[in-house]
Amino acid sequence: LLWVDILAMYAMYVMMSYLTNVWKIGFTHAAAIVNIFWGVVSLSPLFLSFIADTFTGNYWMLLLSSFSYSAGLGFLTIPEAIGEDQKILFYVAMPLIAFGMGGHMTSWNIFMTEQFSGEEDNLDEGTFWRFFCSVLAVIIVTFVAVLGLPYVKPWSLRFGIPAICTLVATLLFLSGSCSYKYFKPMGSPLTVFFRVFVAAFSNLFYRTPKDSKQLFEIDNPQLYSVPHTRSLRCLDKAAIVIPTKPLEEQAKNTWRLCTVTEVEETKTIIRMIPVWMTFILCGVVSAIGFTYFIEQLDHLNPKVGRLKVPTVALLWFYEQAQNQCVKLAPSFGISVSMILAILCCITAAKVENRRLGVVQRHGLVDKPDERVPMTMFWLLPQFVLLGGFNGIFNYSAISFFIDQSPVSTHRCLPFFVSGVSGVGILCSVVSVYVVGRISERGGKMWFQHDLNGSRLDKYYWTLAWLMAVNLVVFIVVAVFYRYKEAELAEQQAEEFGGINEPYDDDSKGFCCCCCC
């Protein structure tokens, strides 16, 4: 399934070119379709993980999403002559592919972990060679996707090859069903979050006791527990024990009575929301990579001498920058990633301004289908900066969540990060609309039907200063958040006998470094 994911991803990366070249729609309209698709892909794992953990389990989530993946890619193998029927198939295919990608992102890693749980020291030679062949297949397919797919001219075949491969991989996965380990869904940690709110609302008219020891908690030293804090006292109502009812009866209804630990874990998640909000603009910047960057790339000269370089080669550089920068991510990675995002937008604005100059000098303003005599490698710096930004941001954001979030939610953390990015990608559609309307009031609409008549460079400059403002807001929020955590530690020390020891817990000390 992994090597097919790579092949399908590279096929979907060029969706922007398909919509503008085949459908002949405006590039902002095409960007909106692509961003909605990738936004749903990024956001869906947060919900699909809840379904997998609560109902289906990882095997069925992988199987269902794989068939959805195959069907969606199959629907994209439509003739290049676009009619109403083909458009209907296209709009059916996109959510099917989004569900397939989201399902794989949700369950693939966890499923693989389940299969080898308890067998780390018992791997036989056959297993080793299967792994070796799998890794080799991933490497080969990556190079085929980068070097081979761009030379496939019919779009129906360019989507058809990943569709056939995905179906074959799904059937191969299905053929091994008898040998897989199956685990019963144990419930989602997100359920606790909802239970606390329901229980707090149901006890809304009961007074919260002043002594936190009167709140409900399971007294078992072998169970993980979190001490009570004085913040967000309204949620403490979820742990109120009603004196007129037997405690045993109340404890059975977990939607009416929660433990102090569950309440405190929910408080921790809520306290992180201001930090999450500053991550949304990171998703907006990330969205330009597979929309406007691709559109620019599609109109530049791909040749180096007589050699024609595949345009998706720059996407390979993007992926490499994203993967390699993870290894170089410093402890203050989120701020560094935002600075890289600013530099990426500034670089993109400068390059686009140069491209527009070349367009005007060669009289190509009204000839959007012609190649601009400017090498596509002018876009390489912005692709590399965007990849570095995404790589460092994803690593640092996950590290931040691991440090600050409840232990019970750690398996969902990557989905929280992708979910916030997904919201930002969806917001990019709104940002283009708003910026376009504002520019129209200023005298000239920045976004025209084609790229040559637009001022995409001004949009990049807008994103650059918005990200600069966002960086300042983030640092302020991060410093404030760190202060609140130190205050919480003091409160906890007071509750444990008034001994206020130095705050040197590694798991709490990471926040300030990671953020700032």
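Cβ from N, Cα, C; glycine included.
The annotation transmembrane segment is assigned in TrEMBL to 6-23 (among others). Listed by sequence, the residues of this chain that lie at least six past the ends of the transmembrane segment (6-23) yet keep a Cβ under 8 A from its Cβ atoms are 29-31, 33-34, 37, 69, 73, 80, 82, 97, 101, 138, 141-142, 144-146, 149-150, 155, 158-159, 161-162, 165-166, 290-291, 294-295, 298, 311-312, 315.
Distant neighbours of the transmembrane segment (30-52): 12, 15-16, 19-20, 23, 58, 60-61, 65, 94-95, 97-99, 101-103, 105-107, 110, 185, 188, 190-191, 283, 287, 290-292, 295, 411-412, 414-416, 418-419, 421-426, 428-429, 432; these residues of the same chain sit at least 6 beyond its ends, with a Cβ under 8 Å from one of its Cβ atoms. According to TrEMBL, the transmembrane segment annotation covers 30-52 (among others).
Per TrEMBL, transmembrane segment is recorded for 58-76 (among others).
If you look at the transmembrane segment (88-108), the same-chain residues 6 or more away from its ends with a CB under 8 A from one of its CBs are 1-2, 5, 8-9, 12, 33, 37, 40-41, 44-45, 48-49, 52, 58-59, 61-62, 64-66, 68-76, 78, 166, 415, 418. Residues annotated as transmembrane segment in TrEMBL: 88-108 (among others).
If you look up TrEMBL, you'll see 128-152 (among others) marked as transmembrane segment.
Positions annotated as transmembrane segment by TrEMBL: 159-183 (among others).
Under 8 Å from some Cβ of the transmembrane segment (189-206) lie the Cβ atoms of residues 49-50, 53-54, 234-240, 242, 254-258, 262-263, 265-266, 269, 406, 408-409, 411-412, all in the same chain and six or more residues away from its ends. Taken from TrEMBL, the feature transmembrane segment covers 189-206 (among others).
Marked as transmembrane segment by TrEMBL: 275-294 (among others).
What TrEMBL lists as transmembrane segment is 332-351 (among others).
Residues or ranges marked as transmembrane segment by TrEMBL: 372-393 (among others). Tertiary neighbourhood of the transmembrane segment (372-393): same-chain residues 279, 282, 285-286, 288-289, 293, 296-297, 299-304, 309, 311, 314-315, 317-326, 328-329, 333-334, 336-338, 340-341, 343-344, 347-348, 351, 354-355, 358-359, 362, 364, selected by CB-CB distance under 8 Å and a gap of 6+ residues from either end.
Residues 28, 31-32, 35-36, 38-46, 49, 105-106, 276, 279-288, 291, 394, 397-398, 401-402, 405, 445-447, 459, 462-463 of the same chain lie 6+ residues outside the transmembrane segment (413-438) yet bring a C-beta within less than 8 angstroms of a C-beta in it. Per TrEMBL, transmembrane segment is recorded for 413-438 (among others).
Positions annotated as transmembrane segment by TrEMBL: 459-481 (among others).
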Does the transmembrane segment (459-481) make contact with the transmembrane segment (58-76) through 3 or more Cβ pairs under 8 Å, each pair 6 or more apart in sequence?
no
Which of 58-76, 159-183, 332-351 has the most Cβ pairs closer than 8 Å to the transmembrane segment (275-294)?
332-351
Which residues of the same chain, at least 6 past either end of the transmembrane segment (332-351), have a Cβ under 8 Å from a Cβ in it?
282, 285, 288, 292-293, 296, 378-379, 381-382, 385-386, 388-390, 392-393, 395-397, 399-400, 457-458, 460-461, 463-464, 467-468, 470-471, 474-475, 478, 513-516
